[in-house]
Amino acid sequence: MKKETQNLQCIPLVISVLSLFGVSSARKPPYLCNRVCGGISIPFPFGIGGKECYLNPWYEVVCNTTTSVPFLSRINRELVNIYLPDPTEYYSNGVVHIKGPVTSSGCSTGTSQPLTPQPLNVAGQGSPYFLTDKNLLMAVGCNVKAVMMDVKSQIIGCESSCDERNSSSQVVRNKICSGNKCCQTRIPEGQPQVIGVNIEIPENKNTTEGGCKVAFLTSNKYSSLNVTEPEEFHSDGYAVVELGWYFDTSDSRVLSPIGCMNVSDASQDGGYGSETICVCSYGYFSGFSYRSCYCNSMGYAGNPFLPGGCVDIDECKLEIGRKRCKDQSCVNKPGWFTCEPKKPGQIKPVFQGVLIGSALLLFAFGIFGLYKFIKKQRRSSRMRVFFRRNGGMLLKQQLARKEGNVEMSKIFSSNELEKATDNFNTNRVLGQGGQGTVYKGMLVDGRIVAVKRSKAMDEDKVEEFINEVVVLAQINHRNIVKLLGCCLETEVPVLVYEFVPNGDLCKRLRDECDDYIMTWEVRLHIAIEIAGALSYLHSAASFPIYHRDIKTTNILLDEKYQVKVSDFGTSRSVTIDQTHLTTQVAGTFGYVDPEYFQSSKFTDKSDVYSFGVVLVELITGKNPSSRVQSEENRGFAAHFVAAVKENRFLDIVDERIKDECNLDQVMAVAKLAKRCLNRKGKKRPNMREVSVELERIRSSSYKSEIHNDDDDDDDDDDEDDQAMELNIEETWDVGMTAPASMFNNGSPASDVEPLVPLRTW
């Protein structure tokens, strides 16, 4: 039965909504209108904009777009605030606060004539406004009498004076205005709604006596400290007035309640409960019948003048629900709530939330841990595959056979090198070339190393690569960069060398610095150390090793400016009984032995030729990578040889050393370089002979005794020699089968990559 009653109640609700808002398909619902102006909320039945936004013109609010100040258009007063009916806040009716007029006299121009503004007019056919009983008539100043106008059959007013005798009694009675400098009085209820305020001068008082005087209606409660200064009220120009508002029941659109219960009906039925959403009270004012509706304060809040405007309050989330239920379960219901005993085993919501959150957190950690484990397993599997593919097992076997050499190369793990290079951070890059990148790193023992990460390696060269690593790891010479080890757990092998801090010889020859000047003595010392290192590689190592890429960019200088021969990327070891090595041509333009270029047979004399070019660089200070232009269009080496033969030696000596050098020594080294550059490898000295000869040249007792037995032969073969030089230059791009990056006519790759081999094994 109750359910049927509720269904029947929905019918008048729908009808009232349609009648109240004049709903049609073409009209916008009032809850979609603008509801704020100047920070003031404008709830329905008030509204801004079109007719669908407010109930009728009496409720229209005009929002000044420039100042964002709201005005009640029908009474032309600035709006301060709007309150919906709320019995809990002592607003049985709706309330609006507006700015009312202030009447003044003698405040600005010095005249005693009162300045009386337009009276406050809230009357009119259908006006829902009236002055509430919270408004008072106040007069502030000395010798001022405030009188309300337009109040028929009554004289309402008050009079203030400046009698100091009343000040003590004023404080005792704790009244704001008791006649001393200000006065106040209540206004009658149920009076017409056009009310003005005038100022009169009391009898037996001078019109100019007392200074500024003001009178006004207000609902504000002022303290006794600030109410006796009339100038402040005059400067403000307004006083806040409270108006009550209601629905006129003669309006056809509000004949049916919006699903609300009448208070009188509720009294007859013994009151209303939580099932009642909103309540309407009825009354009369000055002959008018009105209705005032509000949401049931027992469990609802909102705007009762909108469909569905009164919404249920969830008391379980408020202090009232928590206090009343305490250890019981709070259950929210429409309009109210109940406290029910907890079920056996029921967990508190907070504790339950902690358990669920902890479980989810553990689950997330488990998933993350599983992901990391799988990722680690996959990475380990890949590293094992790379290790086998890159010849790791073969290298282990080779190292096992070399037990006597404790300083053999070490096999680094990928984790070690990632940690050493900060995961191969780009900020650690020392150089970058066509075949790989070199990073500066620091091992766990504090050693600074150069880590070369190659770009590619042929799979059919794995065994050869491992053999070369083992051989190079055995090199132990103070003027040769030490190969510390390698890592085979990456896609391509990573090589680890000792770090050499002071760059390469080529850069030092081009750009001398103040802290280390490349004098002739320094250059000769460097040449001797290079020759000693190459002599060691060719004859003193376990197996003869041919460097195959001797050039100034591969000659590094350590912190003491001692020579370190580097870049063994194209090096080859040979057995004792081998006299040459047949390989794919590799090298750098300007340094390659012409005989090797034609035959592809590399011998120890090929390194001698390249060293001869380095000697020419030390003497001339010029770079062989750029061609020396001459009338005969000779190459760098041929130009030097011709200058020595034609006694133009002083023309090619570096200007920076010409004045301070021992010319006998320079001439001797030049002749030695000429022998190293002989087009016939058999006529070149070996590196041991070159090393001994350079030591003799440096000796203070040395005089030029360089053997030049082959000069005549060279003279006989000048034309062939020149033709050979030209042939090399003309066929360079075709004949060389090594990568193009190795034959850079500009700055060699090693200029920026001193430790990176030009080609990976």
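Keep in mind that glycine also has a Cβ here, set from the backbone N, Cα and C atoms.
Small disclaimer: the values here were computed from a predicted structure and weren't measured.
When the candidates Cys293, Cys295 are compared with Swiss-Prot, only one is recorded as disulfide-bonded to Cys280, and it is Cys293.
Looking up Asn64, Asn745 in Swiss-Prot for N-linked glycosylation site, the annotated residue turns out to be Asn64. Here the candidates are Cys316, Cys325, and Swiss-Prot names Cys325 as the disulfide partner of Cys339. Within the set Cys310, Cys330, the cysteine that Swiss-Prot bonds to Cys316 via a disulfide is Cys330. Sequence-distant neighbours of Cys330 (disulfide bond): residues of the same chain at least 6 apart with a C-beta under 8 Å from its C-beta are Glu315, Cys316, Gly321, Arg322, Arg324, Phe337, Thr338, Cys339.
Along the topological domain 'Extracellular' (27-349), the predicted structure has mean pLDDT 77. In this structure, Cys325 (disulfide bond) is part of a helix by DSSP.
Note: the Cα of Gln432 (ATP binding site) and the Cα of Tyr596 (phosphotyrosine) are spaced 28 Å from each other. Distance from the CA of Val438 (ATP binding site) to the CA of Tyr497 (phosphotyrosine) is 10 Å.
In the three-state DSSP classification, Thr588 (phosphothreonine) falls within coil. Val438 (ATP binding site) and Cys293 (disulfide bond) have their C-alpha atoms 84 Å apart, to the nearest angstrom. For the pair formed by Gly436 (ATP binding site) and Cys325 (disulfide bond), distance between Cα atoms is given as 74 Å, rounded to the nearest Å. Most Cβ neighbours within 10 Å, among the recorded positions Gln432, Thr588: Thr588 holds that distinction in the structure as shown.
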